[in-house]
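Q: Mind looking over this structure? Questions follow.
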Amino acid sequence: LKCNQLIPPFWKTCPKGKNLCYKMTMRGASKVPVKRGCIDVCPKSSLLIKYMCCNTDKCN
């Protein structure tokens, strides 16, 4: 997940209301993203799942 180094034309812009980009990965396999997209509030990471969030609405 790249927050500030946008690579045109592949970046994603999140809509209003869900204006944070995020990526969810499993703790043991951090190279494989499970899910990515837009969210309104960054979730807290747990023992099994790690969340990475941007503080912008644009990300790669």
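In case you wondered, yes, glycine gets a Cβ from its N, Cα and C as well.
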Q: Have a look at Swiss-Prot and say which candidate in CYS38, CYS53 forms the disulphide with CYS42.
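A: Going by Swiss-Prot, CYS42 is disulfide-bonded to CYS53.
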Q: With CYS14 as one half of a disulfide in Swiss-Prot, pick the other half from CYS38, CYS54.
A: CYS38
Q: Counting all other Cβ atoms within 10 Å across every protein chain shown, which of the disulfide-bonded residues CYS3, CYS53, CYS54 scores highest?
A: CYS54
Q: Near CYS3 (disulfide bond), which disulfide-bonded residues out of CYS38, CYS42, CYS54, CYS59 have their CA within 10 Å?
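A: Checking Cα-Cα distances against CYS3 (disulfide bond), the disulfide-bonded residues within 10 Å turn out to be CYS54, CYS59.
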Q: CYS54 (disulfide bond) to CYS38 (disulfide bond): how many Å between their Cα atoms?
A: 10
